[in-house]
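Here's the structure we're looking at; comments come further down.
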């Protein structure tokens, strides 16, 4: 009798993706983040579903409905904080996953990489709209400031902003449509993630050495299922430490004040995971230039494969590029810090220097260092 794993049409798909999948024998813990992102997505959909049962997307009742969830709904507080902090864990895993792709040259799988960039944009859009839903001060003003950036687009900008708002300001129509999009986007992300996996399994996984590993593969189960479960335990530990001990650590206190269009907070800023892009936006005095830099700070990932000059795929044996990569990581930490600071001296100058450094590393220095390393190895 044929094993059900190989004969049943549905079970066969699961088997070929998670059980009998041939995986390189040397992939490290950096390859855990793909599965962790899947777990984060499932967690966010489940907690979000339960929150949506009690939330009302109306400007008059949105804030009090979130309060009601935390105070009156059974375990509502833990569901709410798991959802809010789950988003932070999601982005930590995302940044690690993208960083691993850049370090080990996974961007040479062009279809997988490009769908990954689409996924990144979709997750960022979902997180932004989710931040608006509690209808606190930072929700309202964050929505106003970020959507207003689209008015920098020549000719159609103002009409586009009013079309997104559903009126002449951020109001009931905006909140309702943001809730609708925030609800549907995770399911679109799930579909995109399936396509991401489909293309990945066409080529097979990359590995730390960057070399073809077809001659040395092992089955995904039990070796990497056990390894992924360990990563999952760490993820749950970190999330629950955050949720149970300091649930508001990564949030903004201003969001506990109900939205008031007549009172602007002293310092409008997005959630921590957008601060690096926000710092790049603020570092350019021109509005359109800032918006372009903001979009390019993420879209630059699509250009990385075109700028790969090294004869080696991975940075594992390229010490110069390794130094540059960790400079880039330090630069992103600097940008994140600057994004949370007020717009005054010396933060403006530091932000501008960090922004120049960010684009210089990715567009100029990495290709140059790749060529230098080729010359040093006489290739």
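The backbone N, Cα and C atoms fix where each Cβ goes, and this holds for glycine too.
Copied from Swiss-Prot, the annotated features are:
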- 33-53: transmembrane segment (TRANSMEM)
- 77-98: transmembrane segment (TRANSMEM)
- 83, 182: heme b b562 binding site (BINDING)
- 97, 196: heme b b566 binding site (BINDING)
- 113-133: transmembrane segment (TRANSMEM)
- 178-198: transmembrane segment (TRANSMEM)
- 201: ubiquinone binding site (BINDING)
- 226-246: transmembrane segment (TRANSMEM)
- 288-308: transmembrane segment (TRANSMEM)
- 320-340: transmembrane segment (TRANSMEM)
- 347-367: transmembrane segment (TRANSMEM)
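Feature map: annotations from Swiss-Prot on the structure.
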| residue | record | CB count, 10 Å |
| --- | --- | --- |
| 83 | heme b b562 binding site | 21 |
| 97 | heme b b566 binding site | 20 |
| 182 | heme b b562 binding site | 21 |
| 196 | heme b b566 binding site | 21 |
| 201 | ubiquinone binding site | 14 |
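The separation of residue 97 (heme b b566 binding site) from residue 83 (heme b b562 binding site), Cα to Cα, is 20 Å. If you look at the transmembrane segment (288-308), the same-chain residues 6 or more away from its ends with a CB under 8 A from one of its CBs are 98, 102, 105, 107-108, 110, 113-114, 117, 120-121, 124, 149-150, 152-154, 276-278, 280-282, 355, 358-359, 362-363, 366-367, 370. The largest share of C-beta pairs under 8 angstroms with the transmembrane segment (113-133) comes from 178-198, of the ranges 33-53, 178-198, 226-246, 320-340. Touching of the transmembrane segment (33-53) and the transmembrane segment (320-340) is ruled out by the presence of fewer than three CB pairs under 8 A, sequence neighbours closer than 6 excluded. In the three-state DSSP reading, residue 83 (heme b b562 binding site) counts as helix. Here the Cα atom of residue 196 (heme b b566 binding site) is found 21 Å from that of residue 182 (heme b b562 binding site). For the transmembrane segment (178-198), same-chain residues at least 6 beyond its ends with a Cβ under 8 Å from one of its own Cβ atoms are 17, 37-38, 41, 44-45, 48, 52, 55, 57, 112, 115-116, 118-119, 122-123, 125-126, 129-130, 132-133, 143. Distance from the CA of residue 97 (heme b b566 binding site) to the CA of residue 201 (ubiquinone binding site) is 17 Å.
Secondary structure from DSSP puts residue 182 (heme b b562 binding site) in a helix. Of the recorded residues, residue 97 (heme b b566 binding site) and residue 182 (heme b b562 binding site) place their C-alpha atoms 23 Å from one another. DSSP assigns residue 196 (heme b b566 binding site) to a helical segment in the three-state reduction.
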